[in-house]
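Asks: Pulled from Swiss-Prot, these are the listed features:
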| type | residues | note |
| --- | --- | --- |
| TRANSMEM | 46-69 | transmembrane segment |
| TRANSMEM | 135-158 | transmembrane segment |
| TRANSMEM | 175-199 | transmembrane segment |
| TRANSMEM | 273-291 | transmembrane segment |
| TRANSMEM | 330-353 | transmembrane segment |
| TRANSMEM | 369-395 | transmembrane segment |
| TRANSMEM | 417-439 | transmembrane segment |
| TRANSMEM | 517-535 | transmembrane segment |
| BINDING | CYS559, CYS568 | [4Fe-4S] cluster binding site |
| TRANSMEM | 575-596 | transmembrane segment |
| TRANSMEM | 643-665 | transmembrane segment |
| BINDING | HIS654 | chlorophyll a B1 binding site |
| BINDING | MET662, TYR670 | chlorophyll a B3 binding site |
| BINDING | TRP671 | phylloquinone binding site |
| TRANSMEM | 707-727 | transmembrane segment |
Amino acid sequence: MALRFPRFSQGLAQDPTTRRIWFGIATAHDFESHDDITEERLYQNIFASHFGQLAIIFLWTSGNLFHVAWQGNFESWVQDPLHVRPIAHAIWDPHFGQPAVEAFTRGGAPGPVNIAYSGVYQWWYTIGLRTNEDLYTGALFLLFISAISLIAGWLHLQPKWKPSVSWFKNAESRLNHHLSGLFGVSSLAWTGHLVHVAIPASRGESVRWNNFLDVLPHPQGLGPLFTGQWNLYAQNPDSSSHLFGTSQGAGTAILTLLGGFHPQTQSLWLTDMAHHHLAIAFIFLIAGHMYRTNFGIGHSMKDLLDAHIPPGGRLGRGHKGLYDTINNSIHFQLGLALASLGVITSLVAQHMYSLPAYAFIAQDFTTQAALYTHHQYIAGFIMTGAFAHGAIFFIRDYNPEQNEDNVLARMLEHKEAIISHLSWASLFLGFHTLGLYVHNDVMLAFGTPEKQILIEPIFAQWIQSAHGKTSYGFDILLSSTSGPAFNAGRSIWLPGWLNAVNENSNSLFLTIGPGDFLVHHAIALGLHTTTLILVKGALDARGSKLMPDKKDFGYSFPCDGPGRGGTCDISAWDAFYLAVFWMLNTIGWVTFYWHWKHITLWQGNVSQFNESSTYLMGWLRDYLWLNSSQLINGYNPFGMNSLSVWAWMFLFGHLVWATGFMFLISWRGYWQELIETLAWAHERTPLANLIRWRDKPVALSIVQARLVGLAHFSVGYIFTYAAFLIASTSGKFG
């Protein structure tokens, strides 16, 4: 008999139904469950797939550069970044006739194009790229790196080049490589690029391979470094009248602590960023050398963790046993990595708009909105993934004997306290926040808006004041003009920071009021509820009072039959599934808040947000409905405009989202009956019955149907909001 898909599971390959195909796809990447897997092959497969992932990333970034160089308008954008709209790529085959061709021909292009809202133009401009040739060179280089990555992945699957399990489990060497080799060296290299290429470019000087060795990045070269006069590198920074990309008003400093923003570009000073990356490089180069590798000096991770036993005895045996638990569990490591990456991605979203690093990106409002939303959604998915793999760790990898009375075991032992506290916090936030919103709605409806309950966020305002915001009149720390911190800030460190905090032309410490207070607590509700579901899923993954033997059923199971009532929907997978809905809900509130606050800020009518955000009808009417009007009018009986593609995507997103409910509400029995009826009809229809199938058609499992429903819900939700966001912002600001 010929080998059938899936080759990695003989049991599935011999399944006579279509379950073979769907379960095969579902478990293709679950290497641990494959027939002939060994620990060594598991690690090697994952290692090789990392190179494949890198190849895809480099190919994708190469494609961005290539298409902008080929079909974009980078060189004309560079001449006037604030008024030329950056082109992402051409539209090959514009449908819907001449009106569409005219609507999408913009940015000085000869034909229909898509506008770039990704910020790549600003990024490339900031780091010193100026011509299409520069972009082509970058694209080719990244294509080369992509090919190298593919070759490396293939090479590490060959017998001679396969790393051993001991190599993968050498934690200290891995820390050395990742901290010093990847973070440290790459940060140092990036500092080098900023100092040698980007900063000269910002001052009108082009540094390329042909003059790279001739141009001194600083008039005194390496002299100050070797003589210990490092402060010379900070002297004579760019002036406040500096025109970015020219020598007008330019200085000679390369490593500064100015603080605040370049007045023209509204982005952080390049010399501050070079200084930052140099500091990061220094820290990580040291951090990577703290652990014992080949030379018998430095810390051993195992010794460190085993020594972490708090003397009071309140945490039992502390971190004893954790080294082997983490080092032998890929799911634990992946959970930690995803949790870290999720937090970092959300921080990227927050900092890209509040402390913009790229020249002129702060004035490209649609790009700001798109990047914030993009990074917050990605953070949400990554964070839910972290808890999913944490739960899989508890089911597949956790060994109670190895972890007796350590912090991990003790957390499992008092999980009831953790879960009930999260539940209490969620209930408190939910009832109080909704109560305030609904009270305010009723007051508005009865024509007595003055009876709203409006709470000033005084603690948050106090924190903003402590960081230098003076408008609240708190007179504390950095907002206290007589304090030592304020005076030091004026001269010694970050003199531009206090100006930036108190200017109204950026998004640093926006003025907040009762509307912000309410939506902050709505978001807190979403975060706590999502966390409750995810934490409960992981802590109950091995078993609960209701189902003590849960771990024997694996990560995802629908129920344990009709004999054990109430065992449906309690697998760790079900917790992940429910949490994703709450995560999307939360990110929705986060992005609605950010977008509405900023739209009113950019339009100069902040009072609209302040007055309408204190009750639910305000959000529905003055944010969602008001801003979707242009979108819904993207095409009409009289023709179409450049928002039509977003109008179509808005409709299509709703369709995909609604399709999700078909799978989420009607379950397996319905589909099984439908399939059997369709199969009966097929077999009795002339011509159609000439086509036969080897696998008996059966409905998806309950868990799979839920996944299909969840995927449609998520994709539709994001498509709908992406179209709304981009159309409503670009429709107002271009």
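Quick reminder: no glycine exception, Cβ is built from N, Cα and C everywhere.
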Asks: Secondary structure at CYS568 ([4Fe-4S] cluster binding site) (DSSP, helix/strand/coil)?
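Replies: Coil, per DSSP.
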Asks: Determine, using Cα-Cα distances only, which of these binding-site residues is closest to the residue listed as 'phylloquinone binding site': CYS568, HIS654, MET662.
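Replies: So, of the listed binding-site residues, the one sitting closest to the residue listed as 'phylloquinone binding site' is MET662.
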Asks: Counting only residues 6 or more past its boundaries, what in the same chain has a CB within less than 8 Å of a CB in the transmembrane segment (273-291)?
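Replies: Sequence-distant neighbours of the transmembrane segment (273-291): 171-172, 175-181, 183-185, 187-188, 190-191, 194-195, 198-199, 234, 254-257, 298-301, 357.
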Asks: Any idea what the Cα distance is from MET662 (chlorophyll a B3 binding site) over to the residue listed as 'chlorophyll a B1 binding site', rounded to a whole Å?
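Replies: Answer for this pair: 13 Å between alpha carbons.
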Asks: Between C-alpha atoms, which of these binding-site residues comes nearest to the residue listed as 'chlorophyll a B1 binding site': CYS559, CYS568, TYR670?
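Replies: That would be TYR670, the closest of CYS559, CYS568, TYR670 to the residue listed as 'chlorophyll a B1 binding site'.
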Asks: In the same chain, which residue numbers or ranges, 6 or more beyond the ends of the transmembrane segment (46-69), come under 8 angstroms Cβ to Cβ?
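Replies: Distant contacts of the transmembrane segment (46-69): 31, 87-89, 116, 118, 120-121, 124, 132-133, 135-136, 138-140, 142-143, 145-147, 149-150, 152-154, 156-157, 163, 168, 330.
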Asks: Residues of the same chain, at least six outside the transmembrane segment (135-158), with any C-beta under 8 angstroms of its C-beta?
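Replies: Tertiary neighbours of the transmembrane segment (135-158) are 44, 47-52, 54-56, 58-59, 61-63, 65-66, 68-69, 74, 124, 129.
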Asks: Name the residues of the same chain, 6+ apart in sequence, whose Cβ is under 8 Å from the Cβ of CYS559 ([4Fe-4S] cluster binding site)?
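Replies: Sequence-distant Cβ neighbours: THR567, CYS568, ASP569, ILE702.
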Asks: Within 10 Å of each Cβ, count the other Cβ atoms and name the one among the binding-site residues TYR670, TRP671 with the highest count.
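Replies: The largest 10 Å Cβ neighbour count belongs to TRP671.
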Asks: Including all protein chains shown, what's the count of other C-beta atoms within 10 A of the C-beta of MET662 (chlorophyll a B3 binding site)?
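Replies: A count of 14.
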